[in-house]
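Visitor: Pulled these features from TrEMBL for this protein:
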- A:6-24: transmembrane segment (TRANSMEM)
- A:45-64: transmembrane segment (TRANSMEM)
- A:84-104: transmembrane segment (TRANSMEM)
- A:111-133: transmembrane segment (TRANSMEM)
- A:139-164: transmembrane segment (TRANSMEM)
- A:223-244: transmembrane segment (TRANSMEM)
- A:264-291: transmembrane segment (TRANSMEM)
- A:311-332: transmembrane segment (TRANSMEM)
- A:338-357: transmembrane segment (TRANSMEM)
Amino acid sequence: MNESIALVVLVILFALVFDFTNGFHDTANAMATPIATGALKPKTAVLIAAVLNLVGAFLSTEVAQTISGGLLAEKDGASVGTSIVFAGLIGAIVWNLTTWYLGLPSSSSHALFGGLVGAAIVGAGFGAVDYGVLLGKVILPAVLAPFTAALVAFVATRAAYAITRRSDGLPDGRRVFRVGQIFSSSLVALAHGTNDAQKTMGVITLTLVAAGLQTAGSRPELWVVLACALAIALGTYSGGWRIIRTLGTGLTAVKPAQGFASEVGTASTILASTTVGFALSTTHVASGSVIGSALGRQRREVHWSTARRIVTGWLFTLPGAAVVGALAALIARLGVTGVVIDAVLGVGFMVAVFLRARPERVDASSLEAEVAAAGGAVRKRRRTDA
Amino acid sequence: MTAIDWPAFLLVLVASLVSAVAAVSLFAVGVRLLAAPAAGAAAASFEPDDQGEDDPTTPADARPVGATVGAIAAFAVAAAVAVVGVLLIIH
């Protein structure tokens, strides 16, 4: 009994670590474009995102309940145990840290689902996964969400430019869109908190149910909501600067009107999806919006090589995390020793990635310098023109 | 196997398209009104930035009062659209 309690504690700790990586991996979704246009200073942006993620986490528990009682089927002889959830979390964390190191905005949700599915198949057989839910609630939204967001952002950007365009040569006032961006990106951060923090709440609840500490189908406990909210907020505040750089400057040079339209597109797609119950990848939506809004401008410029790199990351996220989750589940089959080996390997991997990333650190000040350099080039050109 | 909920996908597309375009258009109308020129302003007096992406608004004291009021109204309705969106997910 003591062993199983220890395992539950270990799973909760790793789930919170995943939630933290989820936070810093996804700061970019809301804050890459306002930082890129200079609407918000990097430090201010991540602080706003962290606070709104914290608030968002308390707003709803619908998605958490979908996860704790949906994806993994509790059928005869194929019930999902605590060690399987643990192995799945290792798969998700390893994948999230790898894509963060590469600066790829991949989906934290897919890493989580992939890890859990891989671990469940190895640990409890193919019958342990509800493939209908996997296809309808995870894979299809994954394919459709970026296109939906891109279309929405494309039309919205067109509208924003068409309405504010002037033919008389007088100033068009588009600088005001920077102010708008503060609100639109905040809306995205809030939407992110409502959707993503709940995924970890779902996993912890799933563990508590599997260990017999909570009745099946009940809502997440208050301390679970509180812990997840804090973990994702702290992760968000620590800022995934590498991904912010990719999304904010790697895909296209984002302008205020375009950034505003892109963020409103992201927020509306996430909010609409949460309302109908899709546990959506906010990352896919944000990336799709940035590309859609770039295409909506007359001076369209999309760095398709970066876009291809991002999409490749998406394609591999579910299977990649599934393979790591499956391997971890194989090791976990050794019993207590296996779980300990998994934990040591998992922690070792986290430490190794952070150490490797240190020499080429991307942080708030280096990013601010990049944005300022881009702004300086524009101002200089203006002076020469005049 | 759970059936795939196709109407839900369509609903997400239509709802997000309509709400985003409405909010952005309203905000853009506000921006356009804030840039309403003062009577008699000449185009030649302004040197636009290199891409016409980041121009300032007309100074408040030179702008027609009607334009300022209209802009504030447009921003308020755009904000209301966003608030309704957030209220929808709070259960």
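Quick reminder: no glycine exception, Cβ is built from N, Cα and C everywhere.
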Visitor: Mind checking which residues of the chain, 6+ beyond the ends of the transmembrane segment (A:84-104), have their Cβ under 8 Å from one of its Cβ atoms?
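Guide: For the transmembrane segment (A:84-104), the far contacts come to 7, 10-11, 14-15, 17-18, 21-22, 24-25, 111-112, 114-120, 122-124, 128, 203, 206-207, 210, 240, 242-243, 245-246, 250, 309-310, 313, 317, 320-329, 331-332, 339, 342, 345-346, 349-350, 353, 356-357, 362.
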Visitor: Return the stretch with the most CB pairs under 8 A relative to the transmembrane segment (A:223-244), choosing among A:6-24, A:139-164, A:338-357.
Guide: A:6-24
Visitor: Counting Cβ pairs under 8 Å to the transmembrane segment (A:311-332), which of A:6-24, A:45-64, A:111-133, A:139-164, A:338-357 comes out on top?
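Guide: Answer is A:111-133, with the largest number of Cβ pairs below 8 Å.
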Visitor: Between the transmembrane segment (A:338-357) and the transmembrane segment (A:45-64), are there at least three Cβ pairs closer than 8 Å, leaving out pairs fewer than 6 positions apart?
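Guide: No; fewer than 3 Cβ pairs under 8 Å.
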Visitor: So what's near the transmembrane segment (A:6-24) in sequence-distant terms, Cβ-Cβ under 8 Å and 6+ beyond its ends?
Guide: 50, 53, 82-83, 85-86, 89-90, 92-93, 96-97, 100, 108, 112, 196-197, 199-200, 203-204, 207-208, 211, 213, 227-228, 231-240, 339, 343, 346, 350
